[in-house]
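In what follows, a structure is listed as structure tokens, so that the remarks can point back to it.
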Amino acid sequence: MRLLKTHPILGLANSYLIDSPQPSNISYMWNFGSLLGVCLIIQILTGVFLAMHYTPSVDLAFISVEHIMRDVNYGWLIRYLHANTASFFFIFVYLHIGRGLYYGSYKSPRTLLWSIGVIILVLMMAIAFLGFNGQKYMCFYNIDITIIQYLSIPTLITPSTRLKPILDKHNIKPVLLFENLTNSETKKIAYQALKPFSGIYMIVNLITEKYYVGSAVTGNLYMRFHKHLFSFTGNKRVANAVNKYGLSEFAFLVLEIVPQKDKIDSTLLLNREDYYLETLKPEYNIAPLASNSLGWKHSEESLAKMRENYSEERRQQVANINKGKTLSEETRELIRKSALLRKSMSSETRMKCAVNVQPVTIINLDGTNIMNFVSIKEASIAISCNEKTIRRALNGNGIVKKNYIVKVIK
């Protein structure tokens, strides 16, 4: 018995397990330590059973969870036990700490035990945040069951040996991707997969490794797919490249699916497109902005990109449309009569016009991109908003669409 108390290791075990001093006012608050042990055992057991069916892969992770919920016997119960026990574990930890602080469990002879507990708590909190990746969260925060159904098609998410090095080079992890675009079956799959969603897409040239980045609202992703690669009514630089290299040398990727329900989501969509434009700097894009690029001072490079869309022959055709044509005497007489018979403007109309042509200046929030307009109407068209919005801003703080500052030119 003396050895049990005097031995360095046995004495430590004896003081905590056998002769452990307990307070005289012991209550149910001392149950949380044992409850934590029960939670830990449940977590380990359910975690092992879930690991038997879960696949830690970008391609199959969501599908394997659905498999556990639908196909595995009592898989739904095991998953919910694992998730909810984790929540209760944290609750019991805080109650356990609170009890220790209230009853002074950090004092001698339990100072060492309390110190070990604090170390375990800090490690637990640190481990909880390990592996968190903000960019992945942005890309997959809105994945739902419909996307899981589409991800069950292997061709949508498995890049070819030609595309994979390009994706790895830029650290791109697409949600969906389509290659072999000359195959009619690929077009059908794209229609089925892209139609319900909105988000950021990317068109990649597999030969030159150049690419185009754009965004589409709900229902328009497939339209963009068809517009750029098949009907050639989208980006002219992409259309010229497809005609030059062939459709089989291109791939269509969905970089991120963004929900599209209200104006706030529309702003989020444009902000995400701006993020990819700034990060990836696509060669096929002409304007470096996602939304209205009015007022942007183009560089020589972007001007050259715009000139590529119009050959010299086409320029001459446009210039010669009305060259050498003259109006007949009948047409001239009709124009003259119309001008002479036009009624003079009333004083009320003149007052309305004077109010509407109030000159304004629009500036970005960061003080860049100053644009002057002769009227509020022109300014509203330029930044895609209603005239009332600008008038309301002029009477208030002067901020329009959370992106611009509007001021009256005096």
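For all residues, glycine too, the Cβ spot is worked out from N, Cα and C.
The domain 'GIY-YIG' annotation in Swiss-Prot covers 196-286. Swiss-Prot lists 1-131 with the feature region 'COB exon 1 encoded'. Marked as region 'COB intron 1 encoded' by Swiss-Prot: 132-410. As annotated by Swiss-Prot, transmembrane segment applies to 32-52, 75-95, 112-132.
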Intrachain residues whose Cβ lies under 8 Å of the transmembrane segment (75-95), provided they are six or more past its termini:
29, 32, 35-36, 39-40, 42-43, 46-47, 49-50, 53, 65, 67-69, 121, 124
Report the DSSP secondary-structure composition of the region 'COB exon 1 encoded' (1-131) as helix, strand and coil residue counts.
98 helix, 0 strand, 33 coil
Across the region 'COB intron 1 encoded' (132-410), what does the mean pLDDT come to, as a whole number?
79
